[in-house]
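J.: Handing you a structure now.
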Amino acid sequence: MLMLDMDLRLLLQSLIPSLQSVYVLVFYFVYLAVAGQILPGKVIRGVLLSDGSQLRYRCNGLFALTLLVAILGISAKFGIVSPLVVADRGLELLSATFIFCVLVTLALYVTGRSSSDKSSSLKPHVSGNLVHDWWFGIQLNPQFLSIDLKFFFVRAGMMGWLLINLSILAKSVQDGSLSQSMILYQIFCALYILDYFVHEEYMTSTWDIIAERLGFMLVFGDLLWIPFTFSIQACNCGWWLLHNKVELTVPAIVANCFVFLIGYMVFRGANKQKHIFKKNPKTPIWGKPPVVVGGKLLASGYWGIARHCNYLGDLMLALSFSLPCGISSPVPYFYPIYLLILLIWRERRDEVRCAEKYKDIWAEYLRLVPYRILPYVY
């Protein structure tokens with residue numbers, strides 16, 4: 001019992017943000033804000049909103065990420081900053097980020113409630129239920145100092161995921177615990193994150209950007225859940241692969257690579273088809289004219305296989321990130337299990353919204369594409 005109390009006390013103490021963890025977060029957000037505004041990048045018009053307006057997004061995330069990694073690498077070489085700062089202060093950074101999420105969403109709630117803007121991006125949607133409005137948000141695309149906060153937070157979360165992974169990698173090298181599993185996990189995650197920024201413009205036509213209002217659910221998901229949950233895989237307050245040695249057989253490595261590649265092909269292919277269709281509905285898909293229901297809903301390519309085929313790809317990618325940890329513990333599989341629950345919940349909400357919006361067109365679409373995520377299963 002005494003040891004349990006001591007462990008609990010140490011855990012609680014490690015959750016208290018230090019000034020250093022606050023400095024790290026402040027530097028990170030300030031850098032992203034400045035880099036996002038001044039670095040060159042392709043300017044993309046978002047989808048057409050209900051009032052006819054279109055937001056503009058500067059897609060320079062890959063440039064900003066590359067520059068940031070270079071700055072941190074040079075700083076580590078000259079002893080200005082330790083590459084282990086995230087790995088050593090992970091729980092501090094997690095709790096500091098959580099506090100930031102709460103403060104930001106309270107500010108969004110207050111400013112949203114007091115807004116009289118009538119545009120689609122900033123028009124307040126108030127249900128009267130404080131918890132509901134705080135959780136789901138009030139405005140679609142709130143801004144701060146001309147920065148689109150929703151786009152900014154997604155970028156921060158994806159970059160944060162890679163930075164955490166790199167710090168974990170540095171610690172495993174320093175500890176002499178670098179393994180095949182760690183290398184495989186790092187490669188898969190790095191490829192996924194870098195691919196996201198190569199195709200960052202596709203984010204502008206996703207459900208989160210075009211339909212979800214910015215509240216605690218998205219802010220927490222982007223800033224804390226993505227970088228920390230997708231990378232920590234915590235067990236006994238440490239990074240799972242740093243404390244658990246896993247030896248993979250050659251067939252297991254090949255199978256893991258196969259899951260990653262198939263997942264990537266489905267995920268990226270489906271999102272690319274949807275993005276191109278929204279830009280030009282007449283663009284051929286797989287060499288054939290697209291099948292379009294009611295002039296609005298794409299029912300060919302990946303979108304003719306399942307109504308949310310991109311979710312299947314995302315789930316396979318999530319599984320590939322966990323497979324390098326072996327099957328000795330369910331802990332590393334938290335991410336794919338959580339993602340499965342989240343995507344089924346999101347898919348159900350999307351189906352209700354689309355049924356109300358498209359009515360008879362949606363019924364015809366269901367007839368042509370009967371499967372939700374996994375053909376012949378769900």
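Residue numbering: from 1, along the chain as shown.
Cβ atoms are placed via backbone N, Cα and C, with glycine included.
Checked TrEMBL, it gives:
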- 20-40: transmembrane segment (TRANSMEM)
- 61-81: transmembrane segment (TRANSMEM)
- 93-111: transmembrane segment (TRANSMEM)
- 152-170: transmembrane segment (TRANSMEM)
- 182-198: transmembrane segment (TRANSMEM)
- 219-242: transmembrane segment (TRANSMEM)
- 248-267: transmembrane segment (TRANSMEM)
- 287-305: transmembrane segment (TRANSMEM)
- 317-345: transmembrane segment (TRANSMEM)
J.: Cβ under 8 Å, sequence separation of at least 6 from the ends of the transmembrane segment (61-81): give me the contacting residues as numbers and ranges.
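T.: Result: 31-32, 35-36, 39-41, 155, 158-159, 162-163, 166, 194, 196-198, 200.
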J.: Using a Cβ cut-off under 8 Å, which residues of the same chain at least 6 positions beyond either end of the transmembrane segment (93-111) come close to it?
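T.: For the transmembrane segment (93-111), the sequence-distant neighbours (Cβ-Cβ under 8 Å, at least 6 residues beyond its ends) are 15-17, 21-22, 24-25, 86, 130, 133-134, 137-139, 142, 149, 214-216, 219-220, 223-224, 228, 232.
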